[in-house]
Each structure stands twice: as structure tokens, then as C-alpha cells.
């Protein structure tokens, strides 16, 4: 029994001596970690405000500032452990972080892809909330851009949540960038029609329409096979919501039809 008591005393004495020896480094390590903590907090606020000005997205600025905060804390932690000569602990932490990161990468591969794509979309800004876009077979108004998905409201009233990965990898048509949209009308006239006269009537009909840009329409003679003369009309209007666009397109088609019908048989 006395032997065990002696061994315990010797062990406690050894631990005490080790603690006293390491005490200066321990105090220094704690002070360094506290300093890194306050520096990380300060930089998090600065980065959050800076990103908020750039992106105008509180969720994005908060996310990246928090990531930066954690990175600085990890650096402070590793430096503190290094001062305490805990190299094995550092190696274990790094190995564990690597294994966990690899496992999470495989488990959440799609989520990670959507997240990265969402970051690129937010910073590159191929479209913004309120824009009319066409992507992945859907046309509508962008209602919300999140890190994982983007919500589009179609002109049929449906809310479509598209993964950002699909949007980033597929073509995007943004009708709101130019402020104008083109309306294309294909015409088939009888082979004996007077092309010049038909063009003049169509041009006169379009020029009196306030919806049509006066210097932004063209009338083309595209093909002739003896029985049918093919023409195309391209005109531009101000970009609006889809309902107005369809109404204006309908009005233009009717105007062209009225301009041609009394004189020629036409199929649009």
C-alpha cells in the first residue's frame, strides 16, 4: 500500500514540475489565443461590412465573415498548441479535419456544388432578383437567389426552385439586361405577290405602332420556291413582364395581318 502511495506522490510531483516548467508557455499560449480571438472578431465585423457593400446580401457576407473568423481561430489554436510542444495533437487535429472534410465532401457533393455555384452566381451576377430569365426550360421572374437554389416565378404562376448547379452549367437568357426583346414573325405569301408592296405595307403598319422601336425592325425576303414567298419580320419592343410581352406580340401580329390580308393571302 505504501508503495502505491509513493508512486502516486512521485507521479503528482512529476506532473507539478512539468506544469511549473510549462507555465510560462501555457500563459503565453492562452494570451496568444485570446489575442487571435479578438483580432478574428474585429476582422469578422470589417469583412462583413465590406462584403455587405459589395454583394448587398446579408446571408453571403455573414457566411464568409464567419468562415474567416473560424480560420483565424484555428490558426491561433495551432500556434498555441505549438508553443506547448503538442505537435502530435496538431497532427491528429489536421488528420481528423482532413478525413472529416473528405467524408463530408462525398456525402454532400451535390450540396457543395450548388453552394459553390450559388457563390459564383451572386458575385458574377448573370441575373438579379426581378430579372426575366430563361434557363433549364423555364422562363420567369427571378424571385430569390440563395446559396443552394434560385427561385423563379413562371408566367403561369408556378414557383420553380432550380439548383444553382444546374443554372450555372446551363445557358441563361436574361431578357432584362438589354431592356428590349425581339419579336419574330414568319410570313408565307403567295408566289405571285408583290414583295416590295408587301414590305411597304408592313413597314407602314409598324411605324405607327408606339410599341415598336422605329429604328429597330427589319423585313427580310428569305426564300422563294415558285408557289410561296417566305418573309420574316424582326422588330424590337421594350422589355416588360411576360403578360405585356404576349399582348404586344399579339397586337403586332394583328397589325401585320391587317396590313397584308386585304391584298394578299398570308399565313403567319
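Each residue, glycine too, has its Cβ placed from N, Cα and C.
Looking at the stretches 63-84, 129-150, the one that TrEMBL records under the feature transmembrane segment is 63-84.
Range with TrEMBL annotation transmembrane segment, chosen from 90-108, 109-127, is 90-108. Range with TrEMBL annotation transmembrane segment, chosen from 20-43, 164-187, is 20-43.
Among residues of the same chain six or more beyond the transmembrane segment (20-43), those with a C-beta under 8 A of the stretch's C-beta atoms are 68-70, 72-73, 75-77, 79-81, 83-85.
Taken through DSSP, the domain 'Mechanosensitive ion channel MscS' (110-176) splits into 21 helix, 26 strand, 20 coil.
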